[in-house]
Amino acid sequence: MAAVGANATLLTNTKSTVEPVRPLANFPPSVWGDMFLSFSLDNSKMEEYAKAMEKPKQEVRRLILDPTMDSNKKLSLIYVVHRLGLTYMFLKEIEGQLDRLFEEFNLEDYVDVDLHTISINFQAFRHLGYKLPCDVFNKFKNNDSNAFKESIASDVRGLLGLYESAQLRVKGEKILDDASAFAETKLKSLVNTLEGSLAQQVKQALKRPFHQGMPMVEARLYFTNYQEEFSKYDSLLKLAKLHFNYLQLQQKEELRIVSKWWKDMRFQETTPYIRDRVPEIYLWILGLYFEPKYSLARIIATKITLFLVVLDDTYDAYGTLEELRLLTHAINRWDMRAMSDIPEYIRPFYKILLDEYAELEKQLAKEGRLKSVIASKEAFQDIARGYIEEAEWTNSGYVASFPEYMKNGLITSAYNVISKSALVGMGEVVSADALAWYESHPKILQASELISRLQDDVMTYQFERERGQSATGVDSYIKTYGVSEKEAIEELKKMIENAWKDINEGCLKPREVSMDLLAPILNLARMIDVVYRYDDGFTFPGKTLKEYITLLFVDSLPM
């Protein structure tokens, strides 16, 4: 969660004692205030939704298992179910169907199939981890020039499907690299000529492809923009509405819980310089996993990430270098006796931090899951060390080499704290073996981590310069490789693009671990894209994040 675009302000005191000079950031206030504190959960309404879902759920299950449905219709149905965020309800049935269809796959069967249908089939397989060959798109290229045929440029639905399919590519799939560029160019040239739902579909894909979006928001937008795709299935339409409204009630209650906790902790009084972003942080964590079973996990991860906001803003927008050195030492000691060594203003935070983790350790130890809490705590200590390194660089005017910057920057991106804290409340999914795999720092984790750092840097480097903060990856890349600012940004974007390919590869079968463990890694990269693609959406949440929070927690779907 990088820092801010506000101009630095100096604080001095006219009294005989001169106060330290502090880089106050004047963060924008919360967009929401106490709005979500007043929510009152109607348990009877949740029970009503849950009961009402049973019949359409059984009907959708029968559709998925229908042996008379041809393969293209079956794959289209599975794709729609996935886009609506309902896959987890029917995962066993869907994988059973895809296992059979994947085994029966024959490239010759696609000779007479149109681009839109092929694209839907391709996405249905790839999203669920089946590596359908990208050769299915070869027939849309010219044999002589190897370029995509201009004749498909008028097939808007086909182009849209091709563009969405290309986002699922892995390294070495040049045809999908070409497909992405070709389809994007053609769609941009056509978008202003389109009308109705198709225009909205294209605009949304160009703004952010489905694969790189927040699952719950993408499901909500799909429901609105693609109703003609699934309205023929009454049961699916009804289930999607009930499901969204059920989840909304559960999630608004979770948001109320963390909002009350935040208010009770009085952080806005004891550390008034910080960003007040409770709904935005909850949204971020919801982006990692929205399924009902992860309710406790979301609450835990949101609280820890809110701790991180206080820490980040203290290092970045308030503390003096000497104060930050003392705070870093105290966090590494992790001992209440260290409280007397740190500035008075940060002592309430320090006590609450240690108390909350102690309670988590007590709770998770009973379940035999203490290691996940320890991993989260150690990540928190790591980021404090990373923050002080950045503060020392800023103080001395030092610009690190790009490799040196990335070594520390991957830590200060906050990825490690958020991702490990997301594991704490996930239950049996996070076994000892799963945690060991996570700690081995596999390629998919490295890729998601890199996106978290560089997407942030590409969007915020100018703001950081204005505030006189430590050099970002853009600055370090320019210094290390002697390139222009434009060239540096282009190179970092290429690194981000390649990292997405590694994430896509890591989600394909056979997988090293279950998709339950991989999904938060994939989804954290998605949330970084949501927050930082167009602006610093966390510091200035009045655009994208406000729209998302309204979609998910304010507006319901009419039944």
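Backbone N, Cα and C define each Cβ position, glycine as well.
Within the set 72-76, 252-256, 312-316, 392-396, the record from Swiss-Prot flags 312-316 under the feature motif 'DDXXD motif'. With D312, D316, R453, D456 listed by Swiss-Prot as binding (2E,6E)-farnesyl diphosphate, the candidate from R266, R275, R347 annotated for that site turns out to be R275. With R275, D312, D316, R453, D456 listed as the residues that bind (2E,6E)-farnesyl diphosphate, the site has a largest C-alpha separation of 20 Å. The candidate set comprises the binding-site residues D312, D456, E464. Of these, D456 has the most other Cβ atoms within 10 Å.
In the three-state DSSP classification, R275 ((2E,6E)-farnesyl diphosphate binding site) falls within coil. In sequence order, F27, V309, D313, F538, T539 are the residues near R275 ((2E,6E)-farnesyl diphosphate binding site), counting only same-chain partners six or more apart with C-beta under 8 A. Mean pLDDT for the motif 'DDXXD motif' (312-316) in the predicted structure: 95. Counting residues 6+ beyond its ends, the motif 'DDXXD motif' (312-316) has Cβ neighbours under 8 Å at 1, 3-4, 23, 25, 27, 271, 273-275, 324, 327, 346, 349, 387-388, 390-391, 414, 469 in the same chain.
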